[in-house]
Amino acid sequence: MSKEIAKKRIEELRDLLNTFNYQYHVLDNPSVSDAEYDRDMQELIKLEAENPEFMSEDSPSIRVGGTVLDIFEKVTHKSPMLSLGNAFNEGDLRDFDRRVHQGIDDANVRYICELKIDGLAVSLHYEKGRFIQGATRGDGITGEDITQNLKTIKAIPLRLNEEVTLEARGEAYMPKRSFVKLNEEKEQNGEDVFANPRNAAAGSIRQLDPKIAAKRNLSMFVYGLANVEEKTIPSHSESLDFLGELGFKTNPNRRTCETIEDVIAYVEEWQEKRPHLDYEIDGIVIKVDDVAIQESLGTTAKSPRWAIAYKFPAEEVVTRLTGIELSVGRTGVVTPTAELEPVRVAGTIVRRASLHNEDLIREKDIRIGDYVVVKKAGDIIPEVVNVIFDKRTGEEEEYHMPTHCPACESELVRLEEEVALRCINPTCPAQIREGLIHFVSRNAMNIDGLGERVITQLFDADYIRTFADLYSLTKEQLLELERFGEKSATNLVQAIENSKENSLERLLFGLGIRHVGAKAARTFAEHFETMDELVKATEEELKTINEIGEKMAQSVVTYFDNEDVLELLQQFKEYGVNMAYKGIKIADLQNVESYFAGKTVVLTGKLEVMGRSEAKKKIEALGGKVTGSVSKSTDLLVAGEAAGSKLAQAEKHNVEVWNEERFLQELNK
């Protein structure tokens with residue numbers, strides 16, 4: 001390929017990938033599959049490596065993470081990043097309104113209300129449309145240069161839709177589902193977990209290695225325009241519209257309010273809706289919309305007089321910690337859990353809260369009998385915030401982690417660079433039981449009627465010890481168990497039989513190979529098509545697959561380099577368990593009669609087995625249309641985890657709602 005052709009192709013790929021990023025991460029309406037995006041990205045990376053003279057600082061390839069830094073350089077903000085004054089109740093809001101009206105002659109003041117994202121405030125500098133620098137807020141005067149890490153956030157445009165010079169400000173955050181997934185991975189790996197999504201976002205964005213930030217699935221909402229050359233915008237609401245037109249992601253839930261009564265109604269509305277968002281908010285920001293009035297009101301040394309932050313009441317309660325129980329996960333990690341006197345937190349009754357590891361118990365000086373403050377991290381996971389030391393009587397008991405596994409009494413170990421204690425006995429009954437529960441779960445073999453309770457009964461009766469044992473179960477054995485009758489036993493035997501027909505990716509995920517989640521299992525299944533081919537793969541072969549890193553490749557090779565595992569696979573074959581990929585390929589979908597033909601479909605939330613862009617591609621290949629919002633013309637909403645407000649919209653318009661499992665069933669017909 002000549003240099004001229006290479007340069008032209010590089011420019012084409014950059015434009016394409018920038019468009020795809022904008023559609024997916026800002027509009028929430030992807031137009032291509034993950035596979036197509038990955039192919040284009042790999043082609044761009046290859047061409048740039050072969051032609052380094054054409055490398056550009058705003059190339060989408062930068063998003064995978066660049067060179068490891070030694071230190072973050074300091075940056076002085078052109079204008080201070082001021083903090084906001086706080087309001088904690090309705091009276092504080094009315095006082096703010098009164099002060100605003102006292103400061104101006106015009107009695108008509110319009111406010112704009114926005115959700116206060118609980119993340120990390122950053123500034124973004126663009127020169128002639130190109131992203132040149134990003135910095136943390138720091139102390140408001142001086143921040144840190146985190147440009148390389150911000151370039152990994154796909155919601156931040158590297159090039160704007162206009163060649164404009166400006167500074168935008170916003171909040172980088174971690175979605176709740178990403179927070180849960182990250183902590184699960186850290187816990188399985190015996191690492192310290194993050195206390196909440198805000199800490200996770202801040203910790204990720206301040207990594208000296210941008211590749212780590214790139215893996216953390218951060219996002220960002222831009223909430224303001226600090227300055228823009230050669231352009232005057234009369235209101236804050238219009239500046240947000242302008243930022244959206246340039247390609248920034250702005251929060252869609254903002255609202256202009258004509259009176260303080262409207263502001264209070266908005267605050268009350270989002271206090272109720274808050275738990276349904278896939279990101280954390282800790283309040284509402286209220287600003288005077290008119291820029292001329294903002295300038296007239298001015299600022300104090302610390303904060304603007306024309307804006308205030310209403311802070312939601314903390315979702316924290318006090319209860320007594322009555323005990324600490326231990327659980328052994330399928331990877332052998334021993335996790336302490338606080339047993340609590342039942343208490344309502346964020347709308348649900350909480351009886352337990354994870355203590356994660358021994359270091360956390362020591363750090364917080366948690367003792368049995370203590371009164372503790374409890375909240376839900378990310379409005380999801382109950383956690384012990386701190387001990388109320390003033391309530392101690394002297395009768396509280398210090399807790400010491402055991403030296404041996406509570407399930408098998410093998411000695412516990414702490415692996416290098418891990419904070420968790422781990423049982424490394426491969427025959428540990430607790431690990432085997434947890435592995436069996438995972439194997440039959442919804443995203444794995446999906447055996448209806450075979451949940452934790454039944455697995456425990458079968459395990460205790462010594463009917464199952466390996467995954468393959470499930471396929472030798474008889475109706476007679478099931479009838480011996482509590483709560484099993486003729487019909488339920490027959491149904492379960494049939495459900496187990498049906499699971500033999502699952503596609504390869506479900507079996508792979510069910511095996512519980514360390515570091516291999518549902519998405520990676522599907523990637524392996526599509527790539528190799530059969531279990532035999534995957535078993536033969538080398539670490540080098542695995543690492544050539546997009547998004548498969550060294551750690552996962554090593555884990556897969558190690559897993560299959562085990563005689564017991566190979567024996568298990570042989571037993572699966574003898575029982576007739578399918579070990580080939582049966583999923584759909586786009587090319588196979590053309591000219592197929594389908595439910596989706598002529599229908600308008602909306603995808604929302606996180607789809608575990610299939611990414612949304614891939615789902616969109618398959619629906620369109622079957623004659624359907626995928627849109628980004630729910631309306632009267634919508635025929636179907638496919639709702640994954642953390643579906644959010646679109647579920648409520650679907651109910652309002654009487655739109656049919658499917659979960660991911662139902663959606664996959666229809667695709668596989």
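Glycine too: its Cβ is placed from the backbone N, Cα and C atoms.
Taken straight from Swiss-Prot:
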type	residues	note
BINDING	Asp34, Ala35, Glu36, Tyr37, Asp38, Ser83, Leu84, Glu114, Arg137, Glu171, Lys287, Lys311	NAD(+) binding site
ACT_SITE	Lys116	active site, N6-AMP-lysine intermediate
BINDING	Cys405, Cys408, Cys423, Cys428	Zn(2+) binding site
DOMAIN	591-669	domain 'BRCT'
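Listed in chain order, the residues near the Zn(2+) site other than Cys405, Cys408, Cys423, Cys428 are Val328, Gly332, Pro406, Ala407, Glu409, Ser410, Leu412, Asn425, Pro429, Ala430, Gln431, each with its Cβ within 8 Å of the site Cβ centroid.
Among the recorded positions listed (Leu84, Lys116, Lys287), Lys116 has its Cα nearest to the Cα of Cys405 (Zn(2+) binding site).
Distance from the CA of Leu84 (NAD(+) binding site) to the CA of Lys116 (active site, N6-AMP-lysine intermediate) is 11 Å. Looking only at Cα atoms, Lys287 (NAD(+) binding site) sits nearest to Cys423 among the binding-site residues Cys408, Cys423, Cys428. Mean pLDDT for the domain 'BRCT' (591-669) in this predicted model: 82.
Taking CA atoms as the reference points, Leu84 (NAD(+) binding site) and Cys428 (Zn(2+) binding site) are 54 Å apart. Within the set of binding-site residues Cys408, Cys423, Cys428, the entry lying nearest in space to Arg137 (NAD(+) binding site) is Cys423 (CA atoms).
Annotated pair Cys423 (Zn(2+) binding site) and Glu36 (NAD(+) binding site), C-alpha to C-alpha distance, rounded: 42 Å.
Cys428 (Zn(2+) binding site) and Glu36 (NAD(+) binding site) are 43 Å apart (CA-CA, integer value). A count of other CB atoms within 10 A of each Cβ picks out Cys405 as the most crowded of the binding-site residues Cys405, Cys408.
Residue counts for the domain 'BRCT' (591-669) by DSSP state, with H, G and I taken as helix and E and B as strand, are 26 helix, 18 strand, 35 coil. According to DSSP, Lys287 (NAD(+) binding site) is assigned to a strand segment.
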